[in-house]
Amino acid sequence: MTAVPPREVTRITCIGAGVIGGGWVAHFLARGYDVTAWDPAPQAPEKLRRLVDAAWPALTQLGLAEGAAKDRLTVAATLEEACAEAQFVQESAPEKLELKQQLLAQLDAATPRDVVIASSTSGYPMTDMQTQAAGPDRLLVGHPFNPPYLIPLVEVAGGDLTSERAVAWASEFYEVAGKSVITMNRELPGFIANRLQEALWREALHMVANGEATVKEIDDSITEGPGLRWAFMGPCLTFALAGGEGGMGHMLDHFGPSLKSPWTRLEAPELDSALRDAMVAGCEEAAAGRTIADLVAERDQGVIDVLRATGRLPGAKAERKAGS
Ligand SMILES: NC(=O)c1ccc[n+]([C@@H]2O[C@H](COP(=O)([O-])OP(=O)(O)OC[C@H]3O[C@@H](n4cnc5c(N)ncnc54)[C@H](O)[C@@H]3O)[C@@H](O)[C@H]2O)c1
């Protein structure tokens, strides 16, 4: 594969311009790329421009790349025209397997041979989507989060027929384009983040279905609770701090047995020594030399910063009331 090096990409094509495709367009424009979009819906061009206009103030606040401009967007009349000069293609069409299979084959036929084509799919493995393409080696998943112009994460995963070079190219390109990348070496259903979100979501639905909690209670339990920590420290390291100075080891020894109690409708994993050791080692690695005390200080400062940023510091509330 002789694709343009990731740092030299200037022209990006976005196929499908709904919530996610339009969000990608806004992101790439803000990072200073020329963007060509195509969407078969007749009203798509106006909708896309409205979406970019709505996103632009936030993007301006975050800081636009040099030369970034909304008028560097071109809406193509056909898929072929959109792909003819692409240096990277991001597909964000509806989540239907047959549609994705056919569309990816069409994109493969219309795009210069060496160019990587990524799908925004929320859950289909690329192995299932690349079945009809003549050049499946450059097709991969680049799974974003809504809105792609604000949420940094992209999960990158190839299918059985995707080349390692294409996966490496895409991961480097997304980083250069301002995203946070997790490159997966296997096709996990739902990737990582959606798998975690799904577990939480399943529990929320069980509680609502059984009349155990209201939607508001469920949402408040996250935004007023663990959600404040998760914005800057993931669930594993925050649980390591629940073990006090003993860290993850003490946390598992202390609370491990409660995994078997009927808190959850999901089946609990067997907490054997291999899982315990993997969790302890994973937390040590994630801490990267930070002590428990360091992590506590970081967590506390993070919560304060998030509370301040969302106007929820007690002082800020009082000021708002006084001013209203
Ligand atoms: N919405 C989310 O939160 C989210 C998050 C991550 C990933 N995704 C994924 O992104 C993709 C797009 O989802 P969305 O939420 O933007 O949907 P959407 O319905 O908002 O947009 C889909 C767009 O695709 C267009 N379209 C229809 N047929 C097409 C075709 N044959 N070729 C190209 N475009 C076509 C539609 O006109 C529409 O504008 C899906 O694969 C979805 O799973 C969505």
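Heads up, the Cβ atoms here are built off N, Cα and C, so glycines get one too.
Any TrEMBL annotation is an automated prediction that lacks curation.
Here TrEMBL flags 12-185 as domain '3-hydroxyacyl-CoA dehydrogenase NAD binding'. Here TrEMBL flags G16, A17, G18, V19, I20, G21 as NAD(+) binding site. Residues or ranges marked as domain '3-hydroxyacyl-CoA dehydrogenase C-terminal' by TrEMBL: 190-258.
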Quiz item: Which residue, of the binding-site residues A17, V19, has its CB surrounded by the fewest other CB atoms within 10 A?
Solution: V19
Self-check item: Residues satisfying Cβ distance under 8 Å from I20 (NAD(+) binding site), sequence separation of at least 6
Solution: S92, S120, P144, N146, P148
Exercise. Tally the residues of the domain '3-hydroxyacyl-CoA dehydrogenase C-terminal' (190-258) by DSSP class, grouping H, G and I as helix, E and B as strand, and everything else as coil.
Key: 53 helix, 0 strand, 16 coil
Quiz item: Three-state secondary structure of I20 (NAD(+) binding site) from DSSP?
Solution: helix
Exercise. Count, for each of the binding-site residues G16, G18, the other C-beta atoms lying within 10 angstroms of its own C-beta, and report the residue with the smallest count.
Key: G18
Quiz prompt | Neighbourhood of G21 (NAD(+) binding site), C-beta criterion under 8 angstroms, separation at least six | solution = C14, I15, A37, D39, L48, Q90, S92, A93, S120
Self-check item: Averaged pLDDT, computed only over the residues in the domain '3-hydroxyacyl-CoA dehydrogenase NAD binding' (12-185)
Solution: 96
Quiz item: Apart from G16, A17, G18, V19, I20, G21, which residues in this chain have a Cβ no more than 8 Å from the mean position of the Cβ atoms of those residues at the NAD(+) site?
Solution: C14, G22, G23, W24, D39, S92, A93, S120
